[in-house]
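Notes to accompany the following structure.
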Amino acid sequence: MVDNSEIRVVVGMSGGVDSSVSALLLKQQGFDVVGVFMKNWDDTDDSGVCTATEDYEDVKKVADEIGIPYYSINFEKDYWERVFEYFLNEYKKGRTPNPDVMCNKEIKFKSFLDFAMDLDADYIAMGHYAATKVDENGIVHMMRPKDGNKDQTYFLSQLSQDQLKKVIFPLANLTKPQVREIAIDAGLATAKKKDSTGICFIGERNFKKFLSEFLPAQSGKMVTPDGKVVGEHAGLMYYTIGQRSGLGLGSTKESTDPWFVVGKDLKKNELIVEQGYDSKLLYATSLDASGVSFFTGQPEHDIDLKCTAKFRYRQPDVGVTMHYHAKDNTVHVEFDEPARAVTPGQAIVFYNGEECLGGATIDRAYQNEKQLQLV
């Protein structure tokens with residue numbers, strides 16, 4: 001029988017309740033646990049308060065309560081070069097990126113994993129809601145966790161088999177309320193701390209104001225699909241496909257329906273808008289995606305697979321047929337039913353029942369083979 005005390009698990013602790021409970025559970029299971037706080041961003045807020053300092057204080061309190069050593073590591077340079085510059089470049093292209101997917105791939109499961117290995121770790125863990133299963137060949141499969149509402153496999157969709165083999169998910173079989181209860185029963189300092197929301201480097205700040213500090217905005221016309229000017233936009237990067245709020249457009253003689261963003265024309269710097277939730281221009285029948293990553297490894301041959309997918313977080317699965325092209329590591333995905341507001345830059349993640357297969361980045365969307373003018 002394996003003695004857990006000889007297995008070192010380095011836990012990425014954010015100062016939140018989920019990673020705190022992960023560390024606690026691993027300690028209770030007898031592992032040699034080390035806590036590490038990652039500082040990925042200089043996150044002084046508009047009032048001059050650095051939330052990372054507060055979070056690290058919480059990590060220290062919890063580590064002392066559990067009885068584990070702790071460290072702090074600064075990944076700001078890695079984060080800027082591998083996540084934030086990617087984020088800005090995607091917005092420059094008129095796309096809507098998902099920095100959390102890239103942060104997991106490049107920082108939490110690469111930079112942090114490397115650092116943990118330098119601490120002689122056998123495994124790493126964090127506070128993610130996800131699960132794994134090892135097959136008879138030793139291949140690790142990514143599985144949905146017990147708490148479907150907190151399922152974070154979408155954000156982990158770019159991890160490799162090598163990364164997955166080094167990860168433990170202590171919260172796999174717990175719901176969020178159960179995690180809170182464990183923290184309260186153990187008297188952890190973070191037991192009642194509210195969850196962080198939004199993109200980590202923006203925090204509670206105004207997104208438009210934040211983005212304008214790094215990218216110059218270029219205002220332009222808001223037009224209908226047939227070219228009628230109906231308003232002015234503040235800069236294409238501030239809008240995403242399917243967006244309703246913040247357009248500043250009222251009802252017309254023809255309709256009282258709200259307006260939605262249905263496309264962008266980068267060459268003309270025009271934002272294309274149309275009235276009605278069910279605008280035909282919002283519905284795609286297929287898409288192209290690139291940078292495909294499968295948890296069990298990249299196939300050497302083309303694959304056609306009937307499965308389900310999500311193209312945004314917490315969205316119900318939709319039926320798809322995936323056509324994988326091994327030569328250029330891309331997929332063409334056909335939807336069983338037209339899909340609303342497919343957004344270039346976002347992740348599409350594939351599932352087969354309870355297993356998460358992997359994901360890719362959406363490049364283009366089509367309606368009956370005609371490319372939608374989403375970017």
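Just so it is clear, glycine is given a Cβ too, placed from its N, Cα and C backbone atoms.
The model shown is predicted, which means the values in this text are computed figures rather than measured ones.
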Record-annotated ATP site (Swiss-Prot): member among Met38, Met102, Met222 besides Gly12, Met13, Ser14, Gly15, Gly16, Val17, Asp18, Ser19, Gly127
Met38
Rounded distance in angstrom between the Cα atoms of Gln346 (site 'Interaction with tRNA') and Cys103 (active site, nucleophile)
14
What kind of secondary structure is His128 (site 'Interaction with tRNA') part of, going by DSSP in three states?
coil
Just how spread out is the ATP site if you go by the largest Cα to Cα distance in Å among Gly12, Met13, Ser14, Gly15, Gly16, Val17, Asp18, Ser19, Met38, Gly127?
15
C-alpha spacing of Ser14 (ATP binding site) relative to His128 (site 'Interaction with tRNA'), in angstrom
11
